[in-house]
Amino acid sequence: MKNIVLIGFMGTGKTSTGRLLAGRLNRTFIDIDKKIEMQTGLAISEIFQLYGENHFRQLERDVISRVSRYHNAVIATGGGVVLKQENMIRLKNTGIIIALTASLETILERTSRRGVRPLLDCEDRAERVAKLFNDRASLYMKADYTIDTTNMPPHHVAEKIIALLREGRHLRGRSKG
């Protein structure tokens with residue numbers, strides 16, 4: 001079975017939805033950022049601070065190169081994975097790409113309550129979110145499916161993904177539930 005790959009801007013629910021989805025479908029859950037942290041022994045924010053974004057993107061590319069060979073997994077990517085076409089080609093070869101989106105207001109609210117976000121460490125977070133979001137929007141839209149998570153808790157997003165995949169005949173059998 002193909003992987004289910006969740007892409008989208010930070011704060012759209014990739015990790016929380018991915019974990020639930022993997023449980024429901026009895027699949028392995030892979031969080032790209034967590035893999036990078038385990039590999040380096042550093043938090044993502046520390047990698048950005050010590051080595052910069054380019055180094056982080058190289059680590060991300062290397063991890064994606066490995067995990068894109070897996071099958072039957074749910075993979076939650078970082079928000080910037082779409083910036084390197086090579087990443088998306090690899091993920092698409094063995095996966096179904098699902099973009100999670102949300103309103104800018106929702107993203108601002110969600111990202112303000114969850115941990116350190118290196119790319120948002122600036123004076124005007126709202127302006128920075130809007131710029132990054134707009135710069136990446138067309139890349140996210142290349143996904144096989146898109147789901148707006150603005151007013152949806154992760155378990156509803158997971159259910160919607162399961163329904164979409166069944167409709168597209170990407171899933172067989174029954175999910176836990």
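Using the three backbone atoms N, Cα and C, a Cβ is placed for every residue, glycine included.
When ASP31, ASP33 are compared with the substrate site residues ARG57, GLY79, ARG136 in TrEMBL, the one appearing in that site is ASP33. For LYS14 (ATP binding site), the same-chain residues that are 6 or more apart in sequence and have a Cβ closer than 8 Å to its Cβ are LEU6, ILE7, GLY8, ALA76, THR77, GLY79, LEU100. Separation of the C-alpha atoms of SER16 (ATP binding site) and ASP33 (substrate binding site): 13 Å, rounded to the nearest whole number. In sequence order, THR15, ILE44, ALA76, GLY78 are the residues near ASP33 (substrate binding site), counting only same-chain partners six or more apart with C-beta under 8 A. Cα of THR12 (ATP binding site) to Cα of ARG136 (substrate binding site): a span of 13 Å.
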